Amino acid sequence: MSVPAFIDISEEDQAAELRAYLKSKGAELSEENSEGGLHVDLAQIIEACDVCLKEDDKDVESVMNSVVSLLLILEPDKQEALIESLCEKLVKFREGERPSLRLQLLSNLFHGMDKNTPVRYTVYCSLIKVAASCGAIQYIPTELDQVRKWISDWKLTTEKKHTLLRLLYEALVDCKKSDAASKVMVELLGSYTEDNASQARVDAHRCIVRALKDPNAFLFDHLLTLKPVKFLEGELIHDLLTIFVSAKLASYVKFYQNNKDFIDSLGLLHEQNMAKMRLLTFMGMAVENKEISFDTMQQELQIGADDVEAFVIDAVRTKMVYCKIDQTQRKVVVSHSTHRTFGKQQWQQLYDTLNAWKQNLNKVKNSLLSLSDT
């Protein structure tokens with residue numbers, strides 16, 4: 001991608017024009033180019049560029065795109081420090097003012113660089129920070145498949161990979177993109193190994209709390225397989241997660257009674273937890289029983305007789321359970337329920353179902369063939 005230049009002249013003259021422009025705006029900068037070469041000129045120009053960020057947007061974008069175009073023609077070994085310096089300026093400029101302009105400038109730099117250049121990591125992290133500060137994360141690429149490819153292309157160290165994913169997660173959370181944020185956090189936790197899983201305690205803890213707090217999240221068994229989460233076994237947060245994975249409402253109530261302060265410290269609301277555990281308990285009941293009496297529901301879900309119908313309607317809205325109410329016989333008839341966990345037993349059931357379909361299709365095929373022969 002080509003980046004617009006400040007003016008169509010040689011690099012040396014362009015640097016001199018930039019120096020003169022910045023000096024005219026009050027920068028303490030010589031108009032004469034440095035004897036050290038273009039990279040030294042750019043270092044001094046970037047250091048002084050704050051003054052032009054106060055000007056009209058068109059002037060600023062033109063000037064800064066000129067800086068970007070000069071950066072892009074430097075040798076890679078001279079680019080990194082200068083790009084880091086420019087990114088720091090754009091991220092920290094005047095406590096978040098003019099975010100759309102800063103996003104545009106960073107985007108021009110990011111897309112103007114060679115796709116495999118490792119320093120694109122710095123620019124992308126800066127893009128995330130600025131986008132998060134103004135709630136504009138939707139305007140930068142955050143698709144997980146693309147991020148994975150960049151991590152590979154840029155040959156990031158484990159530490160930088162974790163930093164990027166953590167930064168992206170926090171930005172998505174701040175911008176209320178909870179589904180995307182959850183996927184990024186699972187990606188982050190899944191990137192740890194047995195050797196370094198203990199370093200991810202904070203991330204694992206945060207992932208669990210975020211998942212339990214999400215009003216649209218109901219399946220949590222995949223979290224138990226993540227190494228950093230396994231490292232939390234024996235702690236209250238892991239016990240709580242296990243309850244939400246497979247236990248019933250009564251288990252949660254008992255846990256809450258014994259650990260009320262802990263639940264409160266997580267920022268989780270007890271009533272929201274109760275509502276979610278009622279649904280999860282009902283899902284488990286619906287998997288095992290195709291008909292559930294109102295009395296059983298009242299007992300297991302700890303609700304009154306007048307609340308059963310409203311509860312079922314809300315449960316169906318989540319699409320976790322499909323059922324209908326039989327008012328006459330005071331029962332719920334289940335047509336389908338999502339399994340809370342998907343282990344060996346569920347895989348076997350799926351295999352048996354698919355195998356039965358295959359056999360039935362073969363029978364139909366053979367019947368059709370026999371008809372065509374007659």
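Positions of Cβ are set from backbone N, Cα and C atoms, glycine also.
What you are looking at is a predicted structure, and each value in this text was computed from that prediction instead of being measured.
Per Swiss-Prot, domain 'PCI' is recorded for 180-339. Swiss-Prot lists Ser2, Ser152, Ser367 with the feature phosphoserine. Summarising the annotation, Swiss-Prot assigns N-acetylserine to Ser2 and lists similarity to another entry as the type of evidence. Feature annotation from Swiss-Prot assigns N6-acetyllysine to Lys254.
Positions of Swiss-Prot features highlighted on the structure.
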{"residue": "Ser152", "record": "phosphoserine", "Cβ contacts under 8 Å, 6 or more apart": "none"}
{"residue": "Lys254", "record": "N6-acetyllysine", "Cβ contacts under 8 Å, 6 or more apart": "none"}
{"residue": "Ser367", "record": "phosphoserine", "Cβ contacts under 8 Å, 6 or more apart": "none"}
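If you take every residue in the domain 'PCI' (180-339) and average the pLDDT, you get 94.
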